[in-house]
């Protein structure tokens with residue numbers, strides 16, 4: 001009986017260790033691929049095994065923003081530095097039923113615009129460009145960031 005229990009535990013451990021996320025499987029496939037590197041993107045996965053928002057082509061200046069499921073949200077282009085703003089903006093735009101929902105304004109490089117304004121309320125505030133974290137309180141009207 002004791003040996004049977006050990007075998008079951010080992011089988012469960014081995015089976016659990018083999019389960020990989022879609023991103024991890026995709027990364028392995030691309031790592032093994034023989035396609036030329038400039039044409040190939042080896043996806044980066046986060047600690048949970050989901051796709052990281054910023055995905056860049058190896059040995060290239062071209063990057064794109066992807067959602068957690070591996071769907072590209074932007075075309076690959078040079079100069080993309082961050083994707084949190086683009087991911088947040090696209091998520092809000094997919095949920096069209098939220099009248100009055102705040103949609104962040106993003107720069108061409110994917111960072112948050114320094115000044116964010118809520119179209120429904122007329123309030124504006126300054127944010128940290130990479131994280132989107134507020135650095136000023138919202139005020140009515142525009143302000144200098």
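Glycine too: its Cβ is placed from the backbone N, Cα and C atoms.
Per Swiss-Prot, disulfide bond is recorded for 23-45 (among others), and the stated evidence type is sequence analysis. For residue 23 (disulfide bond), applying a Cβ distance below 8 Å and a minimum sequence separation of six or more within one chain yields 43, 45, 49, 50, 51, 70.
For residue 63 (disulfide bond), the same-chain residues lying six or more positions away in sequence with a CB closer than 8 A to its CB are 54, 55, 56, 57, 76, 77, 78, 80. For 56-63 (among others), the entry in Swiss-Prot reads disulfide bond.
Residue environment of residue 85 (disulfide bond) contains 25 other Cβ atoms, counted within 10 Å of its Cβ in all protein chains. Residue 85 (disulfide bond) falls within a helical segment according to DSSP. Taken from Swiss-Prot, the feature disulfide bond applies to 85-106 (among others), supported by sequence analysis.
The DSSP secondary structure for residue 124 (disulfide bond) is strand. Of all Cβ atoms in the protein chains displayed, 17 besides its own lie within 10 Å of the Cβ of residue 124 (disulfide bond). Under the heading disulfide bond, Swiss-Prot lists 117-124 (among others), citing sequence analysis as support.
The annotation disulfide bond is assigned in Swiss-Prot to 126-145 (among others). Remark: residue 145 (disulfide bond) has 114, 115, 126, 127, 136 as non-local neighbours, by Cβ distance under 8 Å and separation of at least 6 in sequence.
The domain 'Thyroglobulin type-1 1' (20-73) scores a mean pLDDT of 92 in the predicted structure. Residues or ranges marked as domain 'Thyroglobulin type-1 1' in Swiss-Prot (evidence: sequence analysis): 20-73.
According to Swiss-Prot, the feature domain 'Thyroglobulin type-1 2' maps to 82-145, an assignment based on sequence analysis.
The annotation signal peptide is assigned in Swiss-Prot to 1-16.
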